[in-house]
Amino acid sequence: MRVPLSWLRSLCDPGVTAEEIAERLSLAGLEVARIDRFGLESTDNYVVGRVERVEPHPNADRLRVCVVDVGVERRTIVCGAPNVRDGLLVPVALPGARLADGRELRAAELRGVRSEGMILAEDELGLGDDHSGIVELDASDGLRPGQPLQEVVPLRDEVLELEVSPNRPDCLGVLGVARELHALFGAPLDDSVLTWDAEPDQQLTDVAEAAAVELAPDAACLRFAARVFEDVTVAPSPLWLKQRLLACGMRPIANVVDITNYLMLLLAQPLHAFDLERLAERRIEVRPARAGGERIVTLDGQERFLPEGTTLVCDAAGPAAIAGIMGGERTEVRADTRRVLLESATWIGSDILRSEARLGLRTEASNRFEKQLHPTLAEIALRAASKLLVEICGARLRPGTLDRYPQPAEPRRVRFRHRRLRRLLGEEIAPERAREILARLGFVGAAPADPAPAAGPADSAEPSLLVEVPWWRDGDVQREVDLVEEVARIHGLDKLPTTLPARRAAVGRLSAAQRLRRRLEDLLRDRGLLEAINFSFVAPRLLARLGLDDHAIALHNPLSEEQSVLRPLLLPGLLESLQRNAARGRPDVALFEVARVFSGPLRTIAGAPNGAEPARERLHVGVVASELGPRGWRTAARSADFFAIKALAEALLAAAGVEATFVVGEYSFLHPGRAAQVVADGETLGLVGELHPQLVRDLELGTAAARQPTVGCLELDLDALAQLAAQRQPRFRPLPSFPAVVEDLAVVVPESVPAAQLLDALREAGGELVEEVRVFDVFRGAQIPEGHKSVAMRIVLRAPDRTLTDEDAASVRARAVARLEALGGRIRG
């Protein structure tokens, strides 16, 4: 957004330099990217002159000799413009002036007559391309000969280049920036444009007899207002209007169009002028494009296809404009236009954004509409444009306004408490100062609201101010904290002390769940795993490949198809991270993540009925690895097979102080026979296993040069684990005083019998004497029947108060053998 400083100062002049204005605006959140220079290099020796006498040139038919009053003296100036005449007020460059093309003007003889200056055309002032005649200044403005021309038209100007954030569409108009200056410096603000209007010509009939406006029920339009003007004269714009448009980077076209652009730059409200005679049946309908799409030739001469649903402004013949973006060539204002219908509308910002994306077309108008303007602005801009059209174009305004406003906006009121201001900023700003800042920004304080409830025992209820938000800030000021921000940025964020925010005294520490999370994270880091941070959203195709699509929660408004469902587990995101590493030549990584997932309990993913438990947000820890343990120059890293990933799960459970068992599990994405559920107290805490080999190939988790890796997967429900850990208190026991008895047993059992079931049988046989049971070998071979396995287990027995006898050990062994045989086992000799 380009803001000419001369225009800005005409609305609010703080009396400081452009650099200071830029600094204060930037500190207040309205960033000034740079200060540009516009116009002539120097305005010295440019003055207003009055032509007193015009005579023919004695030696040239097309030249004339003029006597021009330039204030302190009269100068003879040779001029070739066809419109020069007696009594005309004109811009004059005197010898020594630096012209727009960089040349220095000097007195010179032209065909034998000495010329002591130059009467200037638009292009010689740098205010356009017109060289057909000299500029005629308006005598009604009280100009006097010799007056510096810079006081009449800013020939040299400083322009602020603003980077306006999307939440401040009001600052896409010069008036909005002037409001900021008023709040920052306290200088008077001229916002009289808000009350501009024109008197209708009572000799004309009502506007409803000249045109009609209809809004379709599904039109993305909050308000559509229009007025009709008769006897419009389309001509070049006044010099001041051209200068302001050019300084803002816009090309002057003709007075009607220039007025709409001028008010867009001033108020941030785009307008559009239609030639009423070219509107079929003089009727406007605002509606979406019909099925199959429609076509329009826009003002830039391009024929454009309008997809179904694009909001349009139409007449009886079809689309006349693309709503909020660009008008149509068929109904544009031309040199012979005499009747104008002027539109001022408020479109739904999200719809304009959608249309821009579909059409690949973005304009100054759509840049403002996409940020959501307030409907009140449409009426204000239409009234202001009426005044300028009557004054500049000689138009006659028909009585009445075609105003379609289905749901008028209500003023927003927000509670404001000084206590809240103090607590959030950590600094005491006087209540009077805070109210003054809000008032300068246009926030009107109503009668005090009911006392705000006390925030705690240290607070007492205090009265609060009910602040009415001005319509131009309705979109971004909606809460009390927004009002606090307004006060802070105008007061000066740079002035806030570098102290901690004010707060009540409080003590505390990490919760048990937080301590557990950190303990598990530290354990995984210590074992060489790398922490990953993935998006909470995943692609549905990946979940379908893993067989988890039935457990996913889809988003209604996803960022993209690749991020359109909430993750039910951490494993999909970790597998994608492993996939990216493998694609870059690093398949040998071990990753972990501790984050939230969105699903039911883990037992439902394992195939158990979900029951009445809905999906909710749960904290999980997940691990995906192709290698575990450090790789040295003499040692290879350990493959992340089932037993390695199970050992890692056991270490995590031990760190949490939770005893769990591993039960055979079936998961579509894990290797059959190499997957298990982690179960404690009947609750499924997680899953461990090897990724299915087919998925390893499909996801290309290895490299072409290496063999296919074994990928271990682990996921635990950290919320459930923390609950179980909280129920278990650490138990301490003295060092043993009596020796242990160790018994080894090898039993042949069917492959379907899990080792956990065998270990449970040994625990039951030993009772209170059992100190430890574990598997130390599994054998399959020619000596073992097909479909069976030999499991070698060790049971350690110890009594706390005596030395065990051989009879004690034999009794336990006999009970153990009996229980193992009941499971279909046979003791090997």
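Note: Cβ is positioned from N, Cα and C throughout, glycine not excepted.
For ASP476, ASP482, GLU485, GLU486, the entry in TrEMBL reads Mg(2+) binding site. In three-state terms derived from DSSP, GLU486 (Mg(2+) binding site) belongs to a helical segment. If you draw a 10 Å sphere around the CB of GLU486 (Mg(2+) binding site), it holds 25 other CB atoms from the protein chains shown.
Residues annotated as domain 'TRNA-binding' in TrEMBL: 40-150.
According to TrEMBL, the domain 'B5' annotation covers 409-498.
Taken from TrEMBL, the feature domain 'FDX-ACB' covers 736-828.
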Across the domain 'FDX-ACB' (736-828), DSSP labelling yields 32 helix, 32 strand, 29 coil
With DSSP as the yardstick, break the domain 'TRNA-binding' (40-150) down into helix, strand and coil residue counts.
-> 9 helix, 46 strand, 56 coil
Including all protein chains displayed, how many Cβ atoms other than that of ASP482 (Mg(2+) binding site) lie within 10 Å of its Cβ?
-> 15
Using DSSP three-state counts, the residues of the domain 'B5' (409-498) come to 36 helix, 22 strand, 32 coil
For the recorded Mg(2+) site, enumerate neighbouring residues of the same chain (Cβ within 8 Å of the Cβ centroid of ASP476, ASP482, GLU485, GLU486, site residues themselves excluded), in sequence order.
-> ARG473, VAL477, VAL481, LEU483, VAL484
Tell me the Cβ neighbour count for ASP476 (Mg(2+) binding site), meaning other Cβ atoms within 10 Å of its Cβ, over all protein chains shown.
-> 18
